[in-house]
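According to Swiss-Prot, the protein has these features:
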TRANSIT   1-50  transit peptide
DOMAIN    74-273  domain 'Glutamine amidotransferase type-1'
ACT_SITE  Cys152  active site, nucleophile
ACT_SITE  His247  active site
ACT_SITE  Glu249  active site
Amino acid sequence: MAASTLYKSCLLQPKSGSTTRRLNPSLVNPLTNPTRVSVLGKSRRDVFAKASIEMAESNSIPSVVVNSSKQHGPIIVIDNYDSFTYNLCQYMGELGCHFEVYRNDELTVEELKKKNPRGVLISPGPGTPQDSGISLQTVLELGPLVPLFGVCMGLQCIGEAFGGKIVRSPFGVMHGKSSMVHYDEKGEEGLFSGLSNPFIVGRYHSLVIEKDTFPSDELEVTAWTEDGLVMAARHRKYKHIQGVQFHPESIITTEGKTIVRNFIKIVEKKESEKLT
């Protein structure tokens, strides 16, 4: 049975490149902070199995009733053991979003589907996509069904799941560094709607999706640095599958909360389409 706790995290939490444990949430008054975070007891399972998009489409999860906020499924946050996960959660809580957090080895994708999520957020984390538990399988099986947002390693999971290669950045480690990022969403509403172009982001990574092997038949680049590194991408067919290489929850990313808000808007738009 899942244990439930309420949290309050610090937006200014520094990030360690070697972090392998997430922040311990402190209990707060549920009357002042109604956001609920569900945390399952740890049980490690080997659940990764590469699945096809066609299989995901033929085994869709139940539809979400959207006429009452209490009837929404949660946005599921897959925590890849990163110290910034709860800063992302803090943004979602401040935006009035109901969500649940599970570590990447605490449940299977089938168990995740049964929670009827309205969206999925794959958090940053140490290591490579192969260290991300159910994240890769989640991209392939739930991505076609509900909006999916990958952050940092979450974007790398999207890239690898659809055939890209994850390599060390040719420009070295970026740890707490700011960069100017340019974007082009081709006039469509997306993660960067309403942002300055370019805008400033905070970066904490040493790996990137390799430009030469970028799976352009499946994905399209939506944002990049001035030196040409991929900073965001989305699926060509399932445009609600998208991710960013930088950290929107970092204080360096001055317009980061707008990006999280835009993800929630994408979730709401997807729900409204189910009613038409």
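Positions of Cβ are set from backbone N, Cα and C atoms, glycine also.
Note that this is a predicted model, so its numbers are computed, not measured.
Annotated features, which come from Swiss-Prot, shown on the structure.
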residue	record	Cβ neighbours (10 Å)
Cys152	active site, nucleophile	26
His247	active site	24
Glu249	active site	29
Between Glu249 (active site) and Cys152 (active site, nucleophile), the C-alpha gap once rounded to whole angstrom: 11
Whole-number Å value for how far Cys152 (active site, nucleophile) lies from His247 (active site) (Cα to Cα): 7
Stretch-averaged pLDDT - the domain 'Glutamine amidotransferase type-1' (74-273): 95
